[in-house]
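Take this structure, written in structure tokens, and hold onto it; I'll ask about it next.
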Amino acid sequence: MSTEKPPLASGLARTRSEQLYETLAAAIKSPFGSMDANGVPATAPASIGGGRETLSRKSSRRLMMSASPGRSGGAGTHIRKSRSAQLKLELEEVSSGAALSRASSASLGLSFSFTGFAMPPEEISDSNPFSDDEMIPEDNEAGNKKPRFQAEPTLPIFLKFKEVTYKVSIRKLMTSAPVDKEILSGINGSVSPGEVLALMGPSGSGKTTLLSLLGGRISQSASGGSVTYNDKPYSKYLKSKIGFVTQDDVLFPHLTVKETLTYAARLRLPKTLTREQKEQRAIEVIQELGLERCQDTMIGGAFVRGVSGGERKRVSIGNEIIINPSLLLLDEPTSGLDSTTALRTIQMLHDIAEAGKTVITTIHQPSSRLFHRFDKLILLGRGNLLYFGKSSEALVYFSSIGCSPLITMNPAEFLLDLANGNINDISVPSELEDRVQVGNSGREPQTGKPSPAAVHEYLVEAYETRVAEQEKKKLSDPVPLDEEAKAKVLRLKRQWGASWWEQYCILFSRGLKERRHEYFSWLRVTQVLSTAVILGLLWWQSDIRTPRGLQDQAGLLFFIAVFWGFFPVFTAIFAFPQERAMLNKERAADMYRLSAYFLARTTSDLPLDFILPSLFLLVVYFMTGLRLSPYPFFLSMLTVFLCIIASQGLGLAIGAILMDLKKATTLASVTVMTFMLAGGFFVKKVPVFISWIRYLSFNYHTYKLLLKVQYKDFAQSINGMRIDNGLTEVVALVAMIFGYRLLAYLSLRQMKITT
């Protein structure tokens, strides 16, 4: 491509496009050429001191400039050039003593675009042709606005980890002794504020385990080595300073984006902020993440349409950055996203890091553009450390040990092939070849190349002998903070974002909004009302003046007791198992007290639980001809409500104890069937040694109470049951209400928080 300036026609006025064209040629002639915002060339190489170059933290500098002919206007209109020129220069970072870092991609690109698009000269002067934003592909989901994260004051965290190990005990057979399996072995590394550290490696290499260890999500008893935050050990105070984004987006499907972030802000932001300030912070995060367009859209799930995958991932990140964390950890934030959305997500992490945060992310197989945006890299293979250092120097290091790609390939793909022991299209180091020949083993019989195990062993030894000691010495250097700043991480006082009552109210409101769609689904309403109509038709205006009519109506009352004992149990057993992932996530972040969550979860169902039974009784009561008097009607409704709350408590207890839907459903079926058979309708005379079961049955107490309410002034006894004031049955049901719930709460207290 020629860069010679074309001759200009005589008499034509000198245009802004011509000035820009001359600066292009000047930029090409100088290797360090750059231009300021006014189009003036500047050749200021990076200053070098102490063996290190003072460069920007960006992985590359990108320069873009557009020149285009203007539009005619006014009497003295000048003739503009009809073509626009665009130059894109990419200058790579030069590390001390190292060659160009990005060996697998072009380090300098030069392209001109002839589009015929015209831009007025006044707009050219107002534009910023050298912005990095132009190089980021447009994300159609996020809009054209680049997120700009506020550089709010926060505690800087310098994270270091030395010789980190982690083992788990595996029992292959029930009778065999447990065997320790090593997940991580001798991992070293560090990351500072303003940096993005990527953890790479094949599946099963220990990336998520290492991330969980660094975030304090795994018990230190099963791990070895040291993990320090500003040269101090982990403390509970850091929970409010660490944001952890899990690989799976754990969100409530029926809440909107705005509601999700608003509830997170009200629960997690400090008490010193008012509710209005917390809600404003949620709106700011929505704007920073580019979620304005979908803020009133439901999150969605497997059976609910909602936001896209990229938007859902940004909501998960927003849940964590809303607290202005000092340390942000993300587990594969780009999984399942297209390349454009993934690039936007990684660029967003850079913006967060630039605000003074420390960012660590696991990533499975990034594109080449994503790979070059990381500041530091840890490469894991089978739980061992294969590389730690600047991502820009990774290819240089592996080339120095004899491993170079034989064909042009994505740097991340090349590194993952090495971590897997796959050296197809990769040069075999002579040292490894000699070792395999001498040992006469460790060679693939089909290809004759070294086996994956031999490659892995060679890479581990190469890192240990060439780089490991030097990196360990760097970890011994003290962090550039005073002792007062270091001591802040040792505060043991747990900081709640809201009082107990505020937590309860917020969780109550959230639960009500989340489950209103489930309770008023047309399927559930149809189920309840159709059952009520069928009962009304079968027992239409039943007459209790005859013994047969009295017996028939007693059967109706027993069915009501069984139906509203069975229905709530199989609704409640799903409560805690389905919300286990959310409960784990929020408890690990200290969002609320467990007692506030439990009470809000159990009471937020009550208003919804009372609507359908009320409609049911209104239909059944008057169609079947039960006592038409306000006193028996409201007492019958109160009795059914007591039965619902008691049976719901049993379902909550079974679900909380087992935390497994299949097991819980099986146990609930057997229990409810036993309570129904012992309810006093099918069997009048129960053997003494098993008669105690009926006193644990809420069906038995509900049935007796309904009989006493309906026939208090009509008969002395019915079906062998004495008609009295019913106080015993009320006390029994109230005891079940609190007893079952206490059992459920204690079971949740014993549940371990897992990641």
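Placed from the backbone N, Cα and C atoms, the Cβ positions cover glycine too.
Got these off TrEMBL a minute ago, pasting:
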REGION    35-79  region 'Disordered'
DOMAIN    159-407  domain 'ABC transporter'
TRANSMEM  554-577  transmembrane segment
TRANSMEM  598-622  transmembrane segment
TRANSMEM  634-658  transmembrane segment
TRANSMEM  665-683  transmembrane segment
TRANSMEM  730-748  transmembrane segment
Give the mean pLDDT for the domain 'ABC transporter' (159-407) on the 0 to 100 scale.
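Its mean pLDDT is 91.
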To the transmembrane segment (665-683), which of 554-577, 598-622, 634-658, 730-748 is linked by the most Cβ pairs under 8 Å?
554-577
May I ask which of the stretches 554-577, 598-622, 634-658 has the most CB pairs under 8 A with the transmembrane segment (730-748)?
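Of the candidates 554-577, 598-622, 634-658, 634-658 scores highest.
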Residues sitting near the transmembrane segment (634-658): Cβ under 8 Å, six or more positions beyond its termini, same chain?
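Distant contacts of the transmembrane segment (634-658): 560-561, 564-577, 602, 605-606, 609-610, 613-614, 617, 621, 626, 664, 667-668, 671, 698-699, 702, 705-706, 709-710, 730, 733-734, 736-741, 743-745, 747-748, 751.
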What residues elsewhere in the chain lie close to the transmembrane segment (598-622), defined as a C-beta under 8 angstroms and at least 6 residues from its ends?
503-505, 507-508, 510-512, 515-516, 519-520, 524-525, 528-529, 531-533, 535-536, 539, 556, 560, 564, 568, 572, 575-576, 579, 628, 633, 636-637, 640-641, 644-645, 648-649, 652, 741, 744-745, 748
